[in-house]
Amino acid sequence: MARNSDSNSKDKADGYVGLQEADVEMTSAPARPYQVKSPLLRECMAEFIGTMVLILFGDGVVAQVVLGEGTKGEYININLCWGLGVLFGIHASGGVSGAHLNPAVTTTLAIFGRMEWRKVPWYILAQVLGAFVAAFIVWAIYNPMFNVIDPEKNSTQGVFATYPFSSDVPVGTCFLTEVVGTALLLGGIFAIGDEFNKPASPYTQPGAVALLVVAIGMAFGMNSGYAINPARDFGPRLFSLCAGWGSKVFTARDHYFWVPIVGPILGGAIGGGVYVGLVEHHHPLAVSGSCDWSLLQHFSMARASDDKTENEYIGLEEADEVMTSAPARPYQVKSPLLRECMAEFIGTMVLILFGDGVVAQVVLGEGTKGEYININLCWGLGVLFGIHASGGVSGAHLNPAVTTTLAIFGRMEWRKVPWYILAQVLGAFVAAFIVWAIYNPMFNVIDPEKNSTQGVFATYPFSSDVPVGTCFLTEVVGTALLLGGIFAIGDEFNKPASPYTQPGAVALLVVAIGMAFGMNSGYAINPARDFGPRLFSLCAGWGSKVFTARDHYFWVPIVGPILGGAIGGGVYVGLVEHHHPRDYKHPLDN
């Protein structure tokens, strides 16, 4: 996933193994019998195998859930197993080809100069063939049950390819869903591998991409079945035509088959472009084109007085000094504060896309596309990928309660606080708009009068039995746990998480808070997460009740988290961090 400046190895920089060096070694050692010497052929063979593994798990779990009629799995099984398919597809091919497994990934990397265009058609052909063969194997395994459940082959074609959720979901909405889902996928892949921005480690990158696919399915799987991969859809769709499901697999819903091909290709380019244009292009150290890992380790979790290094992997102050001695890119933002605000905007937008998206899917799917556990998990995954999208630039606060608490304890400058909060609220507002655009047809079906679905965007008391004061207490305690946990996770003297696992640790912390304290108030624990989408719901037709309901409840998820964050940070600093001996050395450092 490295961004290698060497034009001869750009296309190889997304694998774990430098294929160029491997080729050099091969020439100096005797070849094995029948060993393939062509790098391109080796890469295509790896793409074939990796994609086949992906589709075996993906189509296999759908077949089991559908043909088992709910007795052998639910929607969450589908989400998880598609993610696991990605994980093991990457492990099967990543060191050889980079494990694209997806034409949208391949074309996006080519668009941004990270692989050669001459390889693109061959990669795509290998991916489609791998998906076709996997679909055949799944059919061979489950053919007896296909004959029992659907002998006329009228209703089970969705095992192999994707189709609109129902006639209430227009094709255009499905197209938008595919674009947004694949934009999140490619933007996330770029962020996960960006060595200047809280990357996943080389060993955890496959798992991070797998979790990204799980999150996309949990938040945006309902409308279109989240193909987000033309090969994943076209190869099995072609097989289902050959296996007897008939031409309807291509002609249904006005020849819908083009949507999961064109949508992901477009979405991948958009997602990569947004990440590169708003984050990666503006890295001060990106001028070098390569990463000095010792530099990252030096700045990682350093508890310095400069707020620029306190919560980031890269010291932006030092990075700015590097920039002054190197030519800036065209349109590159040089202001550290503006870069940080852009990162907070993107990171918060990613967080709310996954968070509000999963709530929308659970509510509008009326229980068929997820349950409360999906909401807990997907909010955590939203935090994870929001951090990956922005952490190395701004520290990935994504939350005014985090920003104000860090300022209270002298870990960032107060002059930055209003700008960070503004960026966070704007990111949340834009994300709410995107979620609304994706699910608007279903909002019109489920709640045409907009009386009962405002909770998709903002938080409200669980019921009239829960007083506002209790909700306020819940928000205070939940956010105190969040900020106390963040301080602990980053405390280098107190069994901290490693730099690579800090994003995941914070994500799990949010999951735990939702599981333990989500009922009363919906666990906003983040004023921007609540206020931005609440403001959008006012603009989108839910009316003034979103602010006036329950005695103007809206102030609770603003004031409660700000107070709770200060309390949580204060408790941790006052009872633990403040008392570390100055000469203390953690046993792990010995």
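Glycine is no exception: its Cβ is also placed from the backbone N, Cα and C atoms.
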Which is it, of 346-368, 553-575, that TrEMBL names as transmembrane segment?
553-575
From the ranges 175-196, 373-394, pick the one that TrEMBL records as transmembrane segment.
175-196
Most Cβ pairs under 8 Å to the transmembrane segment (505-525), of 175-196, 208-228, 256-278, 553-575, goes to 553-575
Same chain only, please: residues at least 6 beyond the ends of the transmembrane segment (553-575) with a C-beta under 8 Å from a C-beta of the stretch. Say none if there are none.
399-402, 404-406, 408-409, 458-461, 468, 471-485, 487-488, 491, 521-522, 524-527, 529-531, 534, 546-547
